[in-house]
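Engineer: Got these off Swiss-Prot a minute ago, pasting:
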- 1-23: signal peptide (SIGNAL)
- CYS31-CYS57: disulfide bond (DISULFID)
- CYS32-CYS75: disulfide bond (DISULFID)
- 87-133: region 'Disordered' (REGION)
- 98-133: region 'C-terminal basic extension' (REGION)
- CYS103-CYS122: disulfide bond (DISULFID)
- 104-122: compositional bias 'Basic residues' (COMPBIAS)
Amino acid sequence: MAQMMTLSLLSLVLALCIPWTQGSDGGGQDCCLKYSQKKIPYSIVRGYRKQEPSLGCPIPAILFLPRKHSKPELCANPEEGWVQNLMRRLDQPPAPGKQSPGCRKNRGTSKSGKKGKGSKGCKRTEQTQPSRG
């Protein structure tokens, strides 16, 4: 009888601890609490991440990452058509020969007359494959 009581008490303690550990990844998770009322333009975002209620946040949301790292993430409703279009556009790789949005193309020379090194934030879009011989 005492063994059954101990087992029941242990089960109760474990059941109470589970909600505290779920959704915890060792750090505080920022959750979006409400959606933006305005459409977010493509030109100000560099990417996005998804927020799921199953991870402890109150609402499902898409959090758009602003180009300026000092700005807060922008929350949007994943069911809105413009949000899905913006996500698709961000998922597309840049066209060959085009720079990613917000990347300034090296114009050849700087004001001092020396060749510039280009922007460190720009990614190369073309990659060459080594030939097999």
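Just so you know, glycine gets a Cβ as well, placed from its N, Cα and C.
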Engineer: On the 0 to 100 pLDDT scale, where does the region 'C-terminal basic extension' (98-133) sit on average?
Structural biologist: 48
Engineer: Non-local Cβ contacts of CYS32 (disulfide bond) (under 8 Å, 6 or more apart, same chain)?
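Structural biologist: Result: GLN51, CYS57, ILE59, ALA61, LEU63, GLU73, CYS75.
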Engineer: Restricting to the chain of CYS31 (disulfide bond) and a gap of 6 or more, list residues whose Cβ falls under 8 Å of its Cβ, or answer none.
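Structural biologist: CYS31 (disulfide bond) has long-range Cβ partners GLN51, GLY56, CYS57, PRO58.
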Engineer: For CYS75 (disulfide bond), which DSSP three-state class applies?
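Structural biologist: Reduced to three states, the DSSP call for CYS75 (disulfide bond) is strand.
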